[in-house]
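What TrEMBL lists as coiled coil is 768-809. As annotated by TrEMBL, domain 'G-protein coupled receptors family 3 profile' applies to 465-765. Among the features that TrEMBL reports, signal peptide is placed at 1-21. The transmembrane segment annotation in TrEMBL covers 456-482, 494-514, 534-553, 596-616, 657-678, 698-716, 723-743.
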């Protein structure tokens, strides 16, 4: 019986199909394609793997008699879903000889479990450094280099550009956590400071803000592309881009990653804003495309592969013509070479099994067959070939050995800057980098320490006025000594006046010292100026003010002695008040002022000053302390510079205690002097003829000191205001004191060159002879009046006694009757009326 030709053709097809079905080598594929987070590189890697399967199966020298078949599913870069896909692949026939996986989180789960089935796992898209742990992942290989391969490159770039201070921003994923741990170790070894390490899960807002607070300038970013878009938008909002910042991103993102899916991912920034923030950032990536235009094991160059892949992606529906590449496009050569690695490993395993004459074949593999599993592992471990991604070879940890490529985004496009060979420590640099501002960004804000000093014009002005005051004081000292024989000078204690003028000179010298700061002297000599200020200003004040204080104190002593006289205290009548005042004035004239008592008081005050200052200097000397202020922007500078103002202060450890002692002592003298000046405001004595002017000077000094001391403490941080305020107060006190005390004397000497006419000088110069005679007469009258008053007081006492006796007898005698006909203190009382008559 003859059958039609069609029957034989169908039978041949069935036979061939049965033969081919019986000689299929099955591998499982896990591709992240449709997820919303993580790396969805399966979009481009799966088409690349299909191209590799086609090329492997068409190669007659590879796997003769067998075809390689891929069974795959989507993991969405979710470890849980990836584990589910793996179990479906393993428990559903046919038997799988090897697994391909992508996405680090999925590879971690798959590779950790696959060892239980004696399966080798080859990851085409997993960079987690944790996967290099052979004890944890004993059957894992990967064509994607470990993420740690970027870290030596990053360190090399930091050293090249002189960056020694970096920050890290990472997504909370195992791949990035382990990468950061490796980077921290390498930074420590290289002497690079990690200023902060910020992590986030999904929202990077707070983490990016913290980078700004930490003044991070060189920032290494480790995150998947979806998170990278959120980070980039937040970078724009926080102004962490431009000439002052450098970002390191991972190089596996697509070229247009920053402007796609913005609406779908609810990114609030526009494409223009994203592009502005992304400008200038650096990327480091393992070399995933063969840089030499040479034929690879597949017979194609990398450029040929690119064309085939683009055509396949167009068939898949991707808009390649407008540079809209799917995710994973950069890693597509790794997936292509991964399939070739599987085929080469299977081919070598078949040869070894044949050579061993064990009677086993790859198709005999089961999940419990360790012998074939070990053969597959050994074959994969020794695999080496030239692929479209470059030379494919694996280290003892199963990692891909590869060069790294450095790129920079310039005007929205990535430009290659160079390559780095980790093993040879060789950096190939093209010098194509471009920085905003034509200068390499700094790794930190350059803080320039600027010492705040007193304005030079202000210092010159105050010094000039003080110098003029010193000349005036010297002139007055000469005047005081030259005319010391004149009565107007002699009666004002010229030695006290000279002491006061020396104190004025010292105080004016302290004004110059107050303005001397870091612009004139070094920091080592500044404590000496501090000590000089304290000594000179304190002793100058004591000499100037102490001389005036001693005069007023002596005048007050006279007043106190007179007021304590019991006879004078009994002058109650108004008519006698004037006589009593004249008596007091003449009484003062009779007292002899002893000059040594005035000088002793000044010496005593000066001794107390010296004891306090000497103890202060020996126990707790003044030192230079710097007060720092918040950072300020420079007036004009293109550099990333901030100004740190500093101000010098003179302080000791217990500065407040010593100031309290000084201020307490000086304040007590000031208040007491003010009291004495007020008490003696109307007193005029011949022996101290300028007491009223001295009192006015004391008012001036006290008021200005009470105002200046607290205000100077409040404005101590404002060097110009503080110096001007204190200097003007000292200058005003000195000039006004000299004006009040010496100008009347100078005028008198100029108006009356001869001593005999000085008696016509003002009331302060003394009392004439005629006045003294009149005073003597008044004293006699005063004695008579005192006797009369004593008699009247006796009568009043008797009358009061009689009045008391009458009241005890309950008489109705009118109150004013005992006073009838009597005169009390010049007032006469009449029996017929209760009214007083006019004084006699």
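Cβ from N, Cα, C; glycine included.
No curator has checked TrEMBL annotations; they are predicted automatically.
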Surrounding residues of the transmembrane segment (657-678) on its own chain - C-beta under 8 Å, 6+ positions past either end: 538, 541, 545-546, 548-549, 552-553, 555-556, 605, 608-609, 612, 616, 620, 694-696, 698-699, 701-702, 705-706, 709
Selected stretch (most C-beta pairs under 8 A with the transmembrane segment (494-514)) from 456-482, 534-553, 723-743: 534-553
Candidate ranges 534-553, 596-616, 698-716, 723-743 - greatest C-beta contact count to the transmembrane segment (456-482) (under 8 angstroms): 723-743
For the transmembrane segment (596-616), sequence-distant contacts whose Cβ falls under 8 Å of one of its Cβ atoms, 6 or more beyond its ends: 493, 495-496, 499, 534-535, 538-539, 542-543, 546-547, 549-551, 553-554, 622, 652, 658, 661-662, 665, 669
Reported mean pLDDT - the coiled coil (768-809): 78
